[in-house]
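Input: a single structure, listed below in structure tokens.
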Amino acid sequence: VSFESKLCGSDDYTFLLRELGNRGEHEKAIKCFQFAVRRERRKNEQGKLASAMISILGRLGKVELAMGIFETALREGYGNTVYAFSALISAYGRSGYYDEAIKVFDSMKNYGLKPNSVTYNAVIDACGKGGVEFKRVVEIFDEMLSGGVQPDRITFNSLLAVCSRGGLWEAAMNLFSEMVNRGIDRDIFTYNTLLDAVCKGGQMDLAFDIMEEMPANVLPNVVTYSTMIDGYAKAGRFNDALNLFNEMKFLGIGLDRVSYNTLLSIYAKLGRFEEALDICREMEGSGIRKDVVTYNALLGGYGKQGKYDEVRRLFDEMKAQRVSPNLLTYSTVIDVYSKGGLYEEAMDVFRAFKRAGLKADVVLYSALIDALCKNGLVESAVSLLDEMTKEGIRPNVVTYNSIIDAFGRSTTSECLSDTGQISELQTKTSSLVIERGIEADAADGEDNRIIKIFGQLAAEKGGQAKKGCGVKQEILCILEVFQKMHELEIKPNVVTFSAILNACSRCDSFEDASMLLEELRLFDNQVYGVAHGLLMGYRENVWIQAQSLFDEVKSMDSSTASAFYNALTDMLWHFGQKRGAQLVVLEGKRRQVWENVWSNSCLDLHLMSSGAARAMVHAWLLNIRSIVFEGHELPKLLSILTGWGKHSKVVGDGALKRAVEALLTGMGAPFQLAKCNLGRFISNGPVVAAWLRESGTLKLLVLHDDRTHLENTRFQEIPNLQTIPL
């Protein structure tokens with residue numbers, strides 16, 4: 001009041017409002033606004049004040065207060081401006097209320113207002129933050145252009161942000177090209193958002209090219225490098241990620257919290273914990289404390305390595321440092337303990353999760369369902385899936401993949417132990433686990449069920465086995481699950497495909513596997529059509545389609561891609577399509593799915609499945625045979641590596657080793673186990689060369705398919721019913 005005479009109208013008051021907003025003092029800002037509006041007589045100046053106040057409250061997340069100011073302004077006759085509407089749209093968008101933002105945008109026409117570039121930018125930004133489909137955002141953009149409103153850099157940056165959230169890299173590249181064609185300047189936000197979209201789309205080589213071109217327009221910053229490092233990490237290209245990190249250090253670009261956490265996560269996933277801890281120390285030395293993301297990365301890394309004592313220590317340290325575990329923390333630790341068979345510990349963590357007042361989400365449910373499936377308790381998993389959907393939690397592709405894989409596993413084998421017997425002590429322990437859980441949680445139905453599940457898992461750990469039901473029934477179950485995914489519009493991925501192929505490999509008969517793939521072609525003729533065609537012997541007709549499928553798989557991370565090739569090859573080998581299996585595995589080698597698989601002296605099979613490895617042995621021996629017949633000498637020592645069999649009960653007695661040993665013995669190949677390495681077969685070059693020159697060797701090495709239909713065109717005549725891209 002004392003300064004009122006010195007204030008020059010609405011501009012000075014607007015400055016005061018913004019300064020109070022910057023300090024977070026929204027109550028004082030509202031009082032100042034009310035004071036200014038009462039003293040201002042001109043409607044257009046009152047409208048400016050209202051727009052500024054709505055915008056400030058929107059930035060502070062006080063969207064209901066912003067709506068109150070807007071409604072008062074409308075009622076009193078000074079809120080009917082494009083700027084007031086635009087400010088409210090922006091306020092809703094910032095808080096994630098995209099439906100309300102679009103409603104306000106649509107209501108402008110009722111007030112005779114024409115949206116301007118600020119309005120369109122606000123509504124496009126709101127759509128991006130709210131996860132609106134790109135198609136709807138494009139409709140708004142087209143309306144903008146048809147209304148004669150010219151887009152600017154903010155418009156395109158907002159559109160790129162929509163692409164970024166969905167990994168729509170092709171749309172993002174088109175938008176970027178449109179910016180260039182229109183002569184609109186690109187800033188660092190433009191490039192970083194484009195890179196984020198391209199990285200999320202798995203196009204890391206393209207992302208690298210974009211980053212290389214950046215210095216001509218704008219210098220990459222810490223966000224640029226963090227985005228690229230995270231993209232490489234998610235694609236499983238850890239060496240490329242670490243190279244970029246070293247480049248950052250060389251250029252003197254200081255790491256931020258995101259960069260440190262991403263880097264730490266990479267080292268943890270690689271099992272390089274000393275380097276991960278060095279990053280922790282460096283991070284804290286630069287004044288950035290470990291946060292929940294840091295701990296989650298370490299917990300996940302130690303968990304995958306089976307270092308349960310470290311997981312326990314870190315979880316305790318986290319609470320001692322007063323870093324509150326979030327939903328992902330609890331989900332990670334429960335998943336780690338469940339997969340490690342530490343069900344009582346998992347139960348204790350679940351109780352802590354309940355005490356924290358958090359509600360289970362899709363990640364936690366999926367972890368529990370996966371633990372049940374891995375232990376053969378498929379009925380319990382399906383029951384928990386039903387409960388999950390009743391709670392209003394939508395399953396995702398990970399949830400369904402676990403169940404499909406479990407149904408496939410149970411087609412021909414017992415789900416747990418070989419004996420089905422359980423000792424008296426184990427029975428008592430399991431009963432105590434169940435009773436302790438039920439007593440502690442009797443009041444809560446849903447949580448009580450999860451406690452019972454942990455008790456059931458503890459009992460199963462003791463040795464109770466469940467027999468799988470009939471193969472036909474299992475196939476029907478898989479089809480039913482796939483149908484449900486289709487109804488919920490949950491897009492299957494490569495892991496789904498691999499799980500189904502694994503199920504085919506476990507089928508008792510060729511007819512059962514063929515029937516499963518034939519039915520699945522109704523959902524996706526491209527993916528399952530290729531698998532069915534190769535299985536039926538229509539390789540000549542489907543190989544072009546197969547190449548397209550392999551191109552899609554190329555964008556996946558290395559572990560997912562190798563799982564795909566392993567599963568497809570296993571199925572073909574299992575049903576006698578051995579030539580087809582070999583062509584698939586050689587395609588995987590050509591596309592570098594398995595790095596450094598072979599040289600003239602060594603064949604490394606340790607990342608391959610049984611079928612893929614056997615097909616590769618034949619191909620490698622044929623290759624070195626050609627070297628011999630070209631008149632060249634073989635290296636003095638030849639090796640075939642199968643690994644130690646880390647999942648087998650006896651070290652050096654893995655399933656892959658046994659399969660390769662049987663294959664070599666069956667062919668009479670002169671290889672024997674190395675004394676110092678139980679997962680390595682060795683032989684002298686001259687001895688192998690002599691065997692390869694024998695007249696009957698070639699016949700042993702050349703693979704054939706049990707079924708071939710080179711002249712049959714029936715496969716080509718089947719219509720493309722529906723294609724759901726991976």
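From the backbone N, Cα and C atoms, a Cβ is placed for every residue, glycine too.
Per TrEMBL, repeat 'PPR' is recorded for 81-115 (among others). Same-chain neighbours of the repeat 'PPR' (81-115): 44, 47-48, 50-52, 54-55, 57-59, 61, 63, 66-67, 70, 73-74, 122-123, 125-127, 129-132, 140, 144, 147, 149, counting only residues six or more beyond its ends whose CB sits under 8 Å from a CB of the stretch.
Tertiary proximity for the repeat 'PPR' (116-151) is limited to same-chain residues at least six positions away from its ends with a CB under 8 Å from its CB atoms, namely 82-83, 85-87, 89-90, 92-94, 96-99, 101-102, 105, 108, 158-159, 161-163, 165-166, 168, 171, 182, 184. Per TrEMBL, repeat 'PPR' is recorded for 116-151 (among others).
Within the chain carrying the repeat 'PPR' (152-186), a Cβ under 8 angstroms from the stretch's Cβ atoms is held by residues 117, 120-121, 124-125, 127-129, 131-132, 134, 137, 141, 144, 193-194, 196-198, 200-203, 206, 217-218, all 6 or more beyond its ends. What TrEMBL lists as repeat 'PPR' is 152-186 (among others).
Per DSSP, the repeat 'PPR' (187-217) is made up of 26 helix, 0 strand, 5 coil. Marked as repeat 'PPR' by TrEMBL: 187-217 (among others).
Per TrEMBL, the feature repeat 'PPR' maps to 221-255 (among others). With DSSP classes pooled into helix, strand and coil, the tally for the repeat 'PPR' (221-255) is 27 helix, 0 strand, 8 coil.
For 256-290 (among others), the entry in TrEMBL reads repeat 'PPR'. DSSP assignment over the repeat 'PPR' (256-290) gives 26 helix, 0 strand, 9 coil.
Within the repeat 'PPR' (291-325), the DSSP-based counts of helix, strand and coil residues read 26 helix, 0 strand, 9 coil. Annotated repeat 'PPR' per TrEMBL: 291-325 (among others), in sequence order.
The repeat 'PPR' annotation in TrEMBL covers 326-360 (among others).
Marked as repeat 'PPR' by TrEMBL: 361-395 (among others).
Residues or ranges marked as domain 'Smr' by TrEMBL: 603-692. Taking DSSP states H, G and I as helix and E and B as strand, the domain 'Smr' (603-692) has 41 helix, 14 strand, 35 coil.
For the repeat 'PPR' (221-255), the model gives a mean pLDDT of 86. Only residues 6 or more beyond the boundaries of the repeat 'PPR' (256-290), in the same chain, are considered here, and those with a CB under 8 A from a CB of the stretch are 222-223, 225-226, 229-230, 233, 238, 241-242, 245, 248, 297-298, 300-302, 304-305, 307, 310, 321, 323. DSSP labels the residues of the repeat 'PPR' (152-186) in these numbers: 28 helix, 0 strand, 7 coil.
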